[in-house]
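Among the features that TrEMBL reports, region 'Phosphopantothenoylcysteine decarboxylase' is placed at 1-195. If you look up TrEMBL, you'll see 5-174 marked as domain 'Flavoprotein'. Annotation source TrEMBL lists active site, proton donor at 157. The domain 'DNA/pantothenate metabolism flavoprotein C-terminal' annotation in TrEMBL covers 193-401. The region 'Phosphopantothenate--cysteine ligase' annotation in TrEMBL covers 196-408. Annotation comment: TrEMBL describes 285, 295, 329, 343, 347 as CTP binding site.
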Ligand code: PMT
């Protein structure tokens, strides 16, 4: 349900603009408060009066119409929106947004908002596949804009191919899910629209087709954080080594990995698309120096396997951190605070979650954990034995504090 949610629907000038009427009507039936902004060319396809009637709100179509109020209006709408949906989005609109051009009410308002923006493109196949359009979409995705991919079919121009606006019901369902993930738990939605990547589970470093080196991580800690983050409204990418766990419901993207190298490549690829990275995976520091593509035969002698150093993924991300929030874990058996504190500095983390593996009910495979959180200023927060999902919420609370402090 979209009860009391304020959604700003941006309509740009394409033949699919008429379908936006249906979207607005369906949003209204689900209880949302809708404001429509139309570009000048959208008004050539559908009259503003249609949207006005369906949304029960004035339609804004030209920022210069009311010179005295437009600035206030667009900032007000940008602030009050819980989400923006651009439907249909033309190549022209996508190009302007990707280039930072704000020359009408829609581009100005979208650029002024901090709420999640969902873009549903529709255009001719060749235009959609054009490298420039694809680059613009990739760029916007990296900045956190969400896209509902067009489908394939017979287009208005007579061509057959990808570029047709996604089915209206699917668009409405996408937006509904976007909101509902944060309300499933009936509690907070303080991570609404925030993009979080969480690593979980063990890595596997292969020796030969039969054998590998791994560790005792079950993935429970990372999966618990992912579940709680989804409940609090985050858009979660879960990158996981091999586990026996079910992928949590509501995850936006699940990426299975094996080795530390896979993890590194995946995180580098996904890094820019996310606001927060939580690294709870137990990553192998070493891998066999050489991989034998045939099963190594046993002999009467001892077998020596030489190990090479893996990249420290957290350290590498720390070097390109920018304004992202980076959270690490420290799995320790001794000198917990000293070792964990060293890792915060080395890996440029905002804070680290240290678990003492020697304590019963902490660390690998249990449903509980006993953690200390140490922040970059050296403050230490100690907690009793808690369920891993409770630890997940503590971590999310700490991330929220970092975000709020940055916004002060
Ligand atoms: O999966 P469970 O069974 O629920 O167990 C949970 C857990 C014990 C695995 C988890 O709570 C935990 O402590 N994860 C981190 C384990 C670890 O690798 O710790 P570390 O101290 O070696 O590494 C410190 C940090 O650097 C971690 O965030 C780790 O993800 C990262 N790292 C480590 C090595 C490496 N080559 N690259 C990394 O990015």
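Glycine too: its Cβ is placed from the backbone N, Cα and C atoms.
The structure, with features from TrEMBL marked on it.
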| residue | record | Cβ within 10 Å |
| --- | --- | --- |
| 157 | active site, proton donor | 12 |
| 285 | CTP binding site | 12 |
| 295 | CTP binding site | 11 |
| 329 | CTP binding site | 26 |
| 343 | CTP binding site | 21 |
| 347 | CTP binding site | 21 |
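Mean model confidence of the region 'Phosphopantothenoylcysteine decarboxylase' (1-195) amounts to 87 (pLDDT, 0 to 100 scale). Taking Cα separation as the measure, the residue listed as 'active site, proton donor' is nearest to 347 of the binding-site residues 285, 343, 347. According to DSSP, residue 329 (CTP binding site) sits within a strand segment. Only 285, 329 of the recorded positions listed as 157, 285, 295, 329 bring a Cβ under 6 Å of any atom of ligand 1; the order follows the sequence. Residue 285 (CTP binding site) falls within neither a helix nor a strand when secondary structure is assigned with DSSP, and so counts as coil.
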